[in-house]
Structure formats: C-alpha cells, structure tokens
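Participant: Grabbed the feature section from Swiss-Prot, which reads as follows:
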MOD_RES   SER2  phosphoserine
REGION    2-168  region 'Required for interaction with VPS51'
TOPO_DOM  2-234  topological domain 'Cytoplasmic'
MOD_RES   SER2  N-acetylserine
REGION    2-112  region 'Interaction with BLTP3B'
MOD_RES   SER129  phosphoserine
MOD_RES   SER152  phosphoserine
DOMAIN    163-225  domain 't-SNARE coiled-coil homology'
TRANSMEM  235-255  transmembrane segment
Amino acid sequence: MSMEDPFFVVKGEVQKAVNTAQGLFQRWTELLQGPSAATREEIDWTTNELRNNLRSIEWDLEDLDETISIVEANPRKFNLDATELSIRKAFITSTRQIVRDMKDQMSASSVQALAERKNRQALLGDSSSQNWDAGVTDRYGRLDRELQLANSHFIEEQQAQQQLIVEQQDEQLELVSGSIGVLKNMSQRIGGELEEQAVMLDDFSHELESTQSRLDNVMKKLAKVSHMTSDRRQWCAIAILFAVLLVVLTLFLVL
C-alpha cells in the first residue's frame, strides 16, 4: 500500500471539505439563532455554500465507494487486505452520516421556519423587524429552543460517532499488529527450516562426493583385473595353437 494510493488523496480532500462544511454549518446556526439581525445576502450565501459543499462531499464519497468495489473485485491486483478495506468503509460510512445529520438539521421544519423568520427580518430592516418580532416572540422563541436542543443533540451524536470510529480503528490496528506478529514468527520458523535444509544438503553433497570417489577407485580396480584376465587368455590361446601346430607337423612328417 503506497502513499500515492488515490484513496488517500480523495480522503484528504473529503476531510477538508467536511471541516469546511462543519464551519459553515456552525455559522449558519449562529445566523439563525443569533439575536442580531443578519442580512439576507449572508444567510443565503451561507446556506447555498453549505448545501453545495455537502453535495460535493456526497459525490466524492460515491467515487470512494466505486474504488472499494473495484478493489473487492480483484484484491490480489491491488494488494489490500480485508482490514484495510474495513477501515476505508468505516471512513465512508461515518462521513456520510455526518453529511446526513447536517442535511437533516437544515431540512427540519422548525429550522426552516426560523430561517424564514430571519429572511423576513433582513427584508424588513431593523425597525420593521422589531415591530414584527414583538407579535411573534412566543412562537419563534419556542423554535429557537428547539433549534438549540437539536444542535446540542447533533454535536453529542457527532462526538459519540467520532469516538466510535476511533475505537474501531484501534481494534483494527490491534488486529493488524497481531497479524504482523504471526507473520514474523512464521518467517522466523521458515528461515530456521531453510537453514537446517541447507546443512542437510551440504552433508549430503559431501557424502555424495565420498561415494563417487570410492566408486571411481572400484572401477579402476575392475578395469585392472579385467585387463589382467584378458592377457592370461591370450597366452593360453597362443600355447594351445602352438601345441596344435606341433601335432600337425609331427603327423605330416610321419606320413
């Protein structure tokens, strides 16, 4: 696994985008909850930027999902184990949940009503907004409290989710560490067995050389004995032929 892996490049961009989105979400919440009247342009700009940022993050997460599907289809080609894939899937799932929570907060009916109120205040101006706000203080005071409560719940959920991700990553790192230890022990055992086999092969080579030397000596002795046997046969044959020749000559002279 290389640091040039495109997953980590896109992951870094997604993390930056999430940080930006969380900052925009905090500012957007302050604009809606703040006692001071914000301009309509600022509210609209913050809302649009936040929505565009969340949409961009969702697209990047879809791209990361596709890369994981490709890796799962051919894991040997990319040399990624199941633990690394689980870590990547956990990052995508947690980030998608963060985006979903912010979108749910933005689309809540109470938040929409409060946003509409702020927009009306911005259009009517400070003086008219004060007169208009005096008649509906109770109604929007309740909406303010609901938004504050929802925002606090959102922050608590995000903190709990981040803690869960950290714990999952710690567990996965422990699994990876254990796997590395097992592989190290296996490599040491294999190395020891290879050394033993090398010693055995060396001993066998020496024995083979000794056997070959003894075999050469035996072959030389056999050749020498064979040569001596051949010479004796030749002398015997000559003696027999000489005797036969003498007999023939004797018979010839007698006759």
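A Cβ is built for glycine as well, from the same backbone N, Cα and C atoms used for every other residue.
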Participant: With DSSP, how much of the domain 't-SNARE coiled-coil homology' (163-225) is helix, how much strand and how much coil, in residues?
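Facilitator: Residue counts for the domain 't-SNARE coiled-coil homology' (163-225) by secondary structure: 63 helix, 0 strand, 0 coil.
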Participant: Mean pLDDT over the topological domain 'Cytoplasmic' (2-234): what is the value?
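Facilitator: Mean pLDDT for the topological domain 'Cytoplasmic' (2-234): 76.
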Participant: Kindly report the helix/strand/coil residue split of the region 'Interaction with BLTP3B' (2-112) according to DSSP, in that order.
Facilitator: 96 helix, 0 strand, 15 coil
